[in-house]
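These come from TrEMBL:
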{"type": "DOMAIN", "residues": "A:13-540", "note": "domain 'Cytochrome oxidase subunit I profile'"}
{"type": "TRANSMEM", "residues": "A:12-35", "note": "transmembrane segment"}
{"type": "TRANSMEM", "residues": "A:55-81", "note": "transmembrane segment"}
{"type": "TRANSMEM", "residues": "A:93-115", "note": "transmembrane segment"}
{"type": "TRANSMEM", "residues": "A:135-157", "note": "transmembrane segment"}
{"type": "TRANSMEM", "residues": "A:169-197", "note": "transmembrane segment"}
{"type": "TRANSMEM", "residues": "A:217-240", "note": "transmembrane segment"}
{"type": "TRANSMEM", "residues": "A:252-270", "note": "transmembrane segment"}
{"type": "TRANSMEM", "residues": "A:290-312", "note": "transmembrane segment"}
{"type": "TRANSMEM", "residues": "A:333-354", "note": "transmembrane segment"}
{"type": "TRANSMEM", "residues": "A:374-394", "note": "transmembrane segment"}
{"type": "TRANSMEM", "residues": "A:459-484", "note": "transmembrane segment"}
{"type": "TRANSMEM", "residues": "A:514-532", "note": "transmembrane segment"}
Amino acid sequence: MNEMVKVDRRDAKLALAHIYVAFIALGLGGLAGLLQTLVRSGKFELPANISYYTILTTHGVLLGLVLTTFFIIGFQFAAVSRTAGTFSDRVRFWGWVGFWLMTVGTAITAFFILIGQASVLYTFYAPLQAHPGFYLGLTLVVVGSWVSGFAIFAHYARWKKEHPKQVSPLLTFMAVANMILWLVCSLGVAATVLIQLLPWSLGLVDRVNVLVSRTLFWYFGHPLVYFWLLPAYMVWYAIVPKIIGGKIFSDSLARLSFILFLFFSIPVGFHHQLMEPGIDPFWKYVQVVLTFMVAIPSLMTAFAMFATFELYGRSKGATGLFGWLRKLPWGDARFFAPFVGMVFFIPAGAGGLVNASHQLDQVVHNTIWITGHFHLTLATTVVLTFFGAAYWLVPHLSGRVMTKAMNRLAIIQTIVWVIGMTFMSGSMHFEGLLGAPRRSAFSTYGNSPQALEWIPYQIAQAVGGTILFIGIILVLIIITNLAFFAPKGETEFPVAEVAEGAERTPLAMENWKLWIGITVALILIAYTIPFIDMIQNAPPGSKGYKLW
Amino acid sequence: MAKEKMKGKATGEDNLKGTLASVFLLGFFLIFTWVSVYYLFLERL
């Protein structure tokens, strides 16, 4: 029972390949981020005529799309192999096909960004028009991720067949839910790229319906955020309890929250388009309501985490209202980094509620507040959780152990990240409230008094960005050590058990036909009428612009 | 067996008062942030 369950070596190789690409993307994308904050401080200019927007696109694509997708799929492959058994040769083969499609796609996309043919930012909004190679590369990344998703589904189906009337392992269930979410939402981005943007950039059609393309993008773009977040929740629900020596508060609650994310994270894209004309306010309202519904599973998660920590602390004799906090293993980076990620999700979630409210969005829309917001959600909550996971996942897969010195460095890394992000994201939030735009290089806007007010905040962002880049160097040192230089040995892949007092998980939790049916129904309700409206009342469309 | 424990009187180990306090604090923070930005919106009307 207590014998250490290891991920099969062949599966480990597949997972590690993904994680290596993810951390290479972190290094390159992080460097681009550092340069951006320096440019925006007004004290630094990029050499050799490199455009700010090329760097900005590199940063967004490498960190928002490549780091995340590769880490998530690598982590999920490892988690599924660990909890639902070693992959068949066929599943592993398709896993590698997915990996190479994504890697080749990333290389093509990166090439066209770096030669300055695709400075369209990671949202690639029309009418900004990139080289067709940019769209083609992104298509390969998405198709590769689909192949990997189906490999996970096939393995899950085999497990279900071999274990009739049994509830699947929690981590496998969560990976399946996340890949269903990804598959359903990425249909939107595939549609806009293949039907609209690629033919338009190839010159096969002259004009593009901008509103339709933005709507399809945000049909994908918001659930994308949850595709990033759910693997962090996998770590919080199913792994962190084991690391601290506790139990999962409730398996059913964890699964229910994932099902609710599947329902409510997709039909909500309009809250990114609240300021756009051409969408009836009623449908914006419907999607705002659905957006607030998606806060519920996050609040459930917060409750479950507090409860897990408190139950553990009290089992160790903690007293008082918050005495249990003292019992947590603060010196263990595998716990500390994800915990800090959880704490940062509180201001991140609060900002999210602001962004999703129609009137409040008028205060913050397209300001750098939004950039500050997703540097709390993705670049702190999710990324610190991924770092914390990598501290045991990489040595588990590479057959090594983390030394005390590396653990200490990982704790320092987390603290460095907190300091850097507090400076950077904090000043982005405040500067945004003063009206400073996002997605723009340094400018004093003709020395307007309002724009001059923003400069101190931009200097604070450069300070924060520099500290964060030091954090990136530290994590790269740690990961390189864990992958290639740490002492050989066996590291545990921690998977928590459910608390004894918890109710049994009902089998109905895995009624995927019903869950997918409800998901599709909600999408149709939220999108059908406004989408028909956009097409029937479409303006002539826009030709492409290359503003670089 | 699980149910027996659930029905039993809350012992020191089952005490979730800290969790209750934590979720209340979290809720207050969310409301405070929302109201602060809403106030800014009203001010700028």
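Glycine residues also receive a Cβ, built from the backbone N, Cα and C atoms like all the rest.
Using a cut-off of 8 Å between Cβ atoms, the transmembrane segment (A:374-394) and the transmembrane segment (A:169-197) share fewer than three residue pairs, counting only pairs 6 or more apart in sequence.
Within the chain, the transmembrane segment (A:169-197) has long-range Cβ neighbours (under 8 A, six or more residues past its boundaries) at 72, 76, 79-80, 82-84, 124, 126, 129-130, 135, 138-139, 142, 145-146, 148-149, 152-153, 156, 159, 208-209, 212-213, 216-217, 219-224, 226-227, 230-231, 233-234, 237-239, 248, 251, 254-255, 258-259, 261-262, 265-266, 269, 495, 509-510, 512, 515-516, 519-520, 523. Away from its own ends, the transmembrane segment (A:217-240) comes close to residues 68, 71-72, 75-76, 79, 123-125, 170-171, 174-175, 177-178, 181-182, 184-189, 192, 248, 254, 257-258, 261, 265-266, 268-273, 294, 301, 304-305, 308, 335, 338-339, 341-342, 374, 377-378, 381-382, 385-386, 388-389, 494-496, 523, 527 of its chain (Cβ-Cβ under 8 Å, at least six residues beyond either end).
The stretches the transmembrane segment (A:459-484) and the transmembrane segment (A:252-270) do not meet in space: the count of Cβ pairs below 8 angstroms, excluding pairs fewer than 6 apart in sequence, stays at fewer than three. Counting Cβ pairs under 8 Å that are 6 or more residues apart, the transmembrane segment (A:55-81) and the transmembrane segment (A:135-157) reach 3 or more and are in contact.
Beyond the transmembrane segment (A:514-532), the same-chain residues lying 6 or more positions past its ends with a Cβ under 8 Å from any Cβ of the stretch are 180, 184, 212, 215, 219, 259, 262-264, 266-268, 270, 279-280, 283, 286-287, 290. This prediction places the mean pLDDT of the domain 'Cytochrome oxidase subunit I profile' (A:13-540) at 95.
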